[in-house]
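Novice: Below is one structure. I have some questions about it.
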Amino acid sequence: SHDEPSESSEPCCDSCDCTKSIPPECHCANIRLNSCHSACKSCICTRSMPGKCRCLDTDDFCYKPCESMDKD
């Protein structure tokens, strides 16, 4: 097994919602195939093939958008 995180597992989020509270409570609605990003503590996946997974973590920030990861 290799512990190197793949590029695709870097934490990122394209659809992040935050409450207006202080501190904000943010969660990501992104669906990823087969796994959640590497920083996700609470990940749920459907039983389909491939599994559609989303991270249920609540943070006080949003991760950077995933689309921007391909280009500098």
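Cβ coordinates come from backbone N, Cα and C, glycine included.
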Novice: Tell me, from Cys18, Cys55, Cys62, which cysteine Swiss-Prot puts in a disulphide with Cys40.
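Specialist: Matching partner in the record: Cys55.
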Novice: Nearest to Cys18 (disulfide bond) by Cα distance: which of the disulfide-bonded residues Cys43, Cys45, Cys62 is it?
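Specialist: Closest by Cα: Cys62.
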Novice: Closest to Cys43 (disulfide bond): which of the disulfide-bonded residues Cys16, Cys55, Cys62, going by Cα position?
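Specialist: Checked the disulfide-bonded residues Cys16, Cys55, Cys62; minimum Cα distance to Cys43 (disulfide bond) goes to Cys55.
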Novice: In terms of Cα spacing, which of the disulfide-bonded residues Cys13, Cys16, Cys26, Cys36, Cys62, Cys66 are within 10 angstroms of Cys53 (disulfide bond)?
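Specialist: Near Cys53 (disulfide bond) by Cα: Cys36.
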Novice: Which of the listed disulfide-bonded residues (Cys18, Cys40, Cys53) has the least company, meaning the fewest other Cβ atoms within 10 Å of its Cβ?
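Specialist: Comparing Cβ neighbour counts within 10 Å for the disulfide-bonded residues Cys18, Cys40, Cys53 gives Cys18.
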